[in-house]
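In what follows, a structure is listed as structure tokens, so that the remarks can point back to it.
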Number of protein chains: 4
Amino acid sequence: MADVNKVVLAYSGGLDTSVILKWLQETYGCEVVTFTADLGQGEEVEPARAKAQKLGVKEIYIEDLREEFVRDFVFPMFRANAIYEGEYLLGTSIARPLIAKRLVEIANQTGADAVSHGATGKGNDQVRFELGAYALKPGIQVIAPWREWDLTSRERLLAYAEQHGIPIERHGHTSPYSMDANLLHISYEGGILEDPWAEAEESMWRWSVSPEQAPDAPTYVELTFACGDVVAIDGEAMSPAAVLAKLNALGGANGIGRLDIVENRYVGMKSRGCYETPGGTILMKAHRAIESITLDREAAHLKDELMPRYASLIYNGYWWSPERRMLQAMIDASQTSVNGVVRLKLYKGGISVAGRKSDDSLFDASIATFEDDAGAYDQKDAAGFIKLNALRLRIAAARGRKA
Amino acid sequence: MADVNKVVLAYSGGLDTSVILKWLQETYGCEVVTFTADLGQGEEVEPARAKAQKLGVKEIYIEDLREEFVRDFVFPMFRANAIYEGEYLLGTSIARPLIAKRLVEIANQTGADAVSHGATGKGNDQVRFELGAYALKPGIQVIAPWREWDLTSRERLLAYAEQHGIPIERHGHTSPYSMDANLLHISYEGGILEDPWAEAEESMWRWSVSPEQAPDAPTYVELTFACGDVVAIDGEAMSPAAVLAKLNALGGANGIGRLDIVENRYVGMKSRGCYETPGGTILMKAHRAIESITLDREAAHLKDELMPRYASLIYNGYWWSPERRMLQAMIDASQTSVNGVVRLKLYKGGISVAGRKSDDSLFDASIATFEDDAGAYDQKDAAGFIKLNALRLRIAAARGRKA
Amino acid sequence: MADVNKVVLAYSGGLDTSVILKWLQETYGCEVVTFTADLGQGEEVEPARAKAQKLGVKEIYIEDLREEFVRDFVFPMFRANAIYEGEYLLGTSIARPLIAKRLVEIANQTGADAVSHGATGKGNDQVRFELGAYALKPGIQVIAPWREWDLTSRERLLAYAEQHGIPIERHGHTSPYSMDANLLHISYEGGILEDPWAEAEESMWRWSVSPEQAPDAPTYVELTFACGDVVAIDGEAMSPAAVLAKLNALGGANGIGRLDIVENRYVGMKSRGCYETPGGTILMKAHRAIESITLDREAAHLKDELMPRYASLIYNGYWWSPERRMLQAMIDASQTSVNGVVRLKLYKGGISVAGRKSDDSLFDASIATFEDDAGAYDQKDAAGFIKLNALRLRIAAARGRKA
Amino acid sequence: MADVNKVVLAYSGGLDTSVILKWLQETYGCEVVTFTADLGQGEEVEPARAKAQKLGVKEIYIEDLREEFVRDFVFPMFRANAIYEGEYLLGTSIARPLIAKRLVEIANQTGADAVSHGATGKGNDQVRFELGAYALKPGIQVIAPWREWDLTSRERLLAYAEQHGIPIERHGHTSPYSMDANLLHISYEGGILEDPWAEAEESMWRWSVSPEQAPDAPTYVELTFACGDVVAIDGEAMSPAAVLAKLNALGGANGIGRLDIVENRYVGMKSRGCYETPGGTILMKAHRAIESITLDREAAHLKDELMPRYASLIYNGYWWSPERRMLQAMIDASQTSVNGVVRLKLYKGGISVAGRKSDDSLFDASIATFEDDAGAYDQKDAAGFIKLNALRLRIAAARGRKA
């Protein structure tokens, strides 16, 4: 076992991380610094202070990171239209690098030699936390209690808690699911979801009404983009976090953003997950729409071809890596012209684009028109275009090659 | 002007291609062979016979190609999860290579030295028809009247028709839009759509009810896959065309598959298009779902990374090309295990996956579980996994590199 | 024929472009501005002045662009390790965007409404010139005489020259080959090279001795890199053009940089080309060597995977495009740490790396060593690394999948 | 420690694997089956029998796998033009999957429940052996003594050998380098190579003369390809292994195939390696040359873009994976037309292509020619080709976008 003097723990204030807090003190005989962040998960973070104090913690960090989260992580990711495996909007993945960064910064500030987290040994989050921590502070020690201890069942964990006087709250929203939430999404795993043939229960979902329960009339909304990011909703300028919060409210009310998938974890297994990403789902649709009129074709295609790789990097925990930064440089270089307004219709789980306009639009009605275009485009050029594009195919066919 | 003896014309029986027919006879002094295919566009093809006869055509080909279309073109494309520019399901694009193939085959049968089509000089279809024709018969001549003649406005076209006794039907469904339909989709361009800020009118859509008009209760459906293709619906075995027709009916009734986008044409301009692809939209969702439990992670990611390129090939007209065939070989090699059943919920424009199961499933609940897994997975392995994946990042950070 | 008042001609002073000059004056009745650039082709550019004057040209631009050429075009390209089709170092391709840029700038300065060049209608250079010109000045007219006139044989061209008093120099180095040269390379096409089975004659090559004639003793050279570019040779700081000139001398003397290939042109046909790129060949080897110790693995792999696409963009004439700039942003973002010294051995056509060192080296002998590493790397971590990487394969095999 | 009854050991007969053999017997108390393969490493394999017998082994497998190695592993890899990190021909990597396959097959035959190998915990070979073994037999146990035991220095190993009566041969070719050899290559690591600034000593190289010592006259050779593989040399039909042996002899005699690089290992560190791959280097050059006249442009480009990924898969040990098989299907689909003859000139370390010809050639001199082509290609088509390719760039420039 490593020699540890002080460890910074990503602390939610809940039972599991409270047990970890105690276990770290007992097992490593080290001081624990707690770090609790408001990333928009929808729960108070301040109560974590008293809990930590009660467990003897002297250095307690409680921070509102919502703006930084959306501005520096969520928005850059949406510029890429990042979707993992065709469906997942990376809601959990994108929060981890920010937490890793703050853990390391606090370790530097407090002179801690280790960080710790409450992610299990089977999931992706351990990888994301730890790759980030190692990339930012290569000599850091990482303690992952779930990979080390013998509290491998809920019973043992509860027993340990009771033994050590850690209060076990039995509040209303106890859930059969393992959940994670931040301003971008809430996720559900475990329970009956472990059977991929079983449909998720309506009662599971928390952030959105069902499409069935959504209003019978559509909602229209206009998003204003600057350099690929939403800067105003219905004409009202807003901060990044305010944008996402507002879109979550709009999406949730209209039954938008539910997803039920089986995904491939970086650690090698498939897992079933359900997600609610109301605002992100709207954002994605809108961003593609504004890009559709402002982005050059080949720029857009280059982005599309590299998107799956970019998404995998984030999913796998490589936000803090040279390859992610290289891709981001490429993506951001394309977004200076992604400005304008998108009008969307939200209705019972669906989003449709009702309009897009931009001073930077590359859409030219005079060229695309079915009517006479006054010479803007010479149709005869198309003959040469086709002929030369066909040349290699014709030569091959003339040699008897099967097309 | 080229010397042409006989030309095979892709003939719909409508006004435009009737004018073309006459124009070819007049301009080239050549014999015209007509080819009219039922690709599921929803209009009778048999009436084209009388019209062609009336215009003096002796060799008339009228064919039902629906099964071939779905089996050999639509299904292989869906194995790739092909989507152009993140949204378009390639409904028009995928029909063109089949028409090109039949045009060439009929040219070979009838001894024709040219083919002709009614696509304009600004669109993608001319490219698709002609690349296909050249790839399959390199010495073929292609006549694209819209690029050659001076009938450049609707008025002139009508005047020519009147002049030459071509009947101008003024039936009910005259539309302000340029439309194309086949079993996979119906498309709309032109008219008010040329303003990307203008929302499409409800009256434009033909194949689907609006989400608002769709039933208030969801519809559940089960699709059975074999080697990546749907072979049965709700347990009933069906032919490829029957599958797609059934899914169109289900989707259309539930307001599914409407799309409104601005896309980038191969010839260089942006254009606004609206599409209804009810069955295809369901098929895409279901195919991803069955792949999610049956396809290896890296196989799926490889497919995802190459998908945009594959989609562009089809969009741009390169179905009949060595690179498309190479990609198809790669894709098809992944589909032997894509077998099983997907259960979907259709509701007011939305599709959600309600379940997926397969004898070829790679989902292993015993490993992914949050409960004790009886040793199927050793969590301690994750520490080494992370450590070695982090090694390069740690070395770089230790050298002072910015992460 | 377009209405043209003034045209800027890329003018070499040779017979062909002199005929073009005259032909433009006669055919378009327009004023001609000449632009002659020293790109390191090894021929005097100043004589072009008198020739142009004699043909009545009033605005004559003669410029030494060697530094700009290497600094802003060659070096950025080599940061990408760009090679077209596995072999070609893009010597001709990379000069064209600079010429296009100057043509347009001169057109803007002189109020010209057109540009013209001497590239034929079968090659890539017409595409590179014209895409560049259109991208930089969308309303420009382009006159490509080889695609327009009827001087389609050497005889006719000579007859036209004689007729119009254009001097036909019959100097020593008349060549059976079509050649192009700049500081990066000299190329040969045509003549016996049109038979790909025929070996190039020794007498064809101009810039390098044959390996057989090269010195019997090796030459060692040290290149110093800063941010991916060579800034010094054998410790002596040099400008970009001086670096390339020096490497050409070293390479040429040692028989380095000859290449004989069949390549695929953008316009659709295969063509045989021979190239001498002495300095560039050294540069490529050295750049890979310095990257090998200073670049992160995934950064290097990302560059490698995108390199063929980047190379194709340059080959096809898309230097001035958003997608090239996006890729360049990505590549350049990786080069800040590509600093250090590479020592090379040059011998009879071959280059081997004799050493590489860098303050930014990521090579860590203490970790890679076969000897005891004092705990820098825990071999046991490898077991977990392998186990989790194997997990998906094991699950599949356990389900009976063929590996 | 796992419970093992019988283990199949990849046994070379040398000191290290003899110590492993003994250590397995002692540590696991299990029976050891030895497997020794002739992969063309240039050492007798039969002596391993007596050594194994002396150590009490009852089941001894000694096999000549050279033909299978070249036919089923080396040749398929060369169809892809696979090069890792721009330089490395994957000589070690490609042998591992065959050994893994035989280890597993022998385990199945002999009822063994484990396999073992002599690769260290820092290198790539452990990964390659073990991924292969797990992919082919998911329940197999893998014993990697170098990761488990405490014989972590040469001294301890020798002491163990002496203690257990394992003969320590002190023959002539003791080397300061860690070496690996098979019919494709021989590699060197360690010793002074751990300093990347140190030039490799001439005395290290074993398979090739130095370019300086190579003959003063060039050697010409003709290779005949069928479906991408060499089937004859100078007109003489040969088996795959005979082809590679012959090319090794030709290359080695002419100083061809030496390489000195720093590469990125999968386990995260950089390492210096020197390689001799005489035959493979010739094969690569020749394969590109025959492809240059027989392969379609886009097919070639698709291969080039995916090559780095394919090479990484092999380097990282994923031969036995669905993604490698998918890529192989794609590559092989392109090779049916890769037939013909390539003529090469070998001289003092260099290879140049002296000619290529094929009945499947797509090179068409009548089109590429600088002379009149009798209408095979209409230069005017190029104008339209360029115009439409430029359209998106022109529209963007007209909107004020920076090119």
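Glycine residues also receive a Cβ, built from the backbone N, Cα and C atoms like all the rest.
Automated prediction, rather than curation, is the source of TrEMBL annotations.
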From C:Tyr160, C:Tyr275, the one annotated by TrEMBL with C:Tyr88, C:Ser93, C:Asn124, C:Arg128, C:Ser178, C:Ser187, C:Glu263 for L-citrulline:
C:Tyr275
In TrEMBL, the ATP site includes C:Ala10, C:Tyr11, C:Ser12, C:Gly13, C:Gly14, C:Leu15, C:Asp16, C:Thr17, C:Ser18, C:Ala37. Which of C:Gly111, C:Gly118, C:Gly121, C:Gly123 does it also list there?
C:Gly118
Rounded to a whole number, how many Å is the Cα of C:Ser178 (L-citrulline binding site) away from the Cα of C:Thr120 (L-aspartate binding site)?
11
I'm trying to understand the geometry here, so how far is the Cα atom of C:Asn124 (L-citrulline binding site) from the Cα atom of C:Asp16 (ATP binding site), in Å to the nearest whole number?
18
Should C:Gly118 (ATP binding site) be counted as helix, strand, or coil on the basis of DSSP?
coil
Of the binding-site residues C:Ser93, C:Asp125, C:Arg128, C:Glu263, which one has its Cα closest to the Cα of C:Ser18 (ATP binding site)?
C:Asp125
C:Asp125 (L-aspartate binding site): tally of other CB atoms within 10 A of its CB:
21
Looking at the binding-site residues C:Ala10, C:Tyr88, C:Ser93, C:Asn124, C:Arg128, C:Glu263, which ones have a CB within reach of chain D, meaning under 8 Å Cβ to CB?
C:Glu263
Pick the one among the binding-site residues C:Gly14, C:Gly118 whose Cβ has the fewest other Cβ atoms within 10 Å in this structure.
C:Gly14
Sparsest-packed of the listed binding-site residues (C:Ser93, C:Ser187) - C-beta count within 10 angstroms:
C:Ser187
Taking just the CA atoms, what is the gap between C:Asp16 (ATP binding site) and C:Thr120 (L-aspartate binding site) in Å?
11
Per DSSP, to which secondary structure element type does C:Glu263 (L-citrulline binding site) belong, with helix, strand and coil as the options?
strand
In which DSSP state, out of helix, strand and coil, do we find C:Asp125 (L-aspartate binding site)?
helix
Rounded Cα-Cα span from C:Thr120 (L-aspartate binding site) to C:Tyr88 (L-citrulline binding site), Å:
21
Indicate whether C:Ser12 (ATP binding site) is helix, strand or coil by DSSP.
coil
Subset of binding-site residues (C:Ala10, C:Gly14, C:Gly118, C:Asp125) lying within 10 A of C:Ser93 (L-citrulline binding site), CA to CA, in sequence order:
C:Asp125
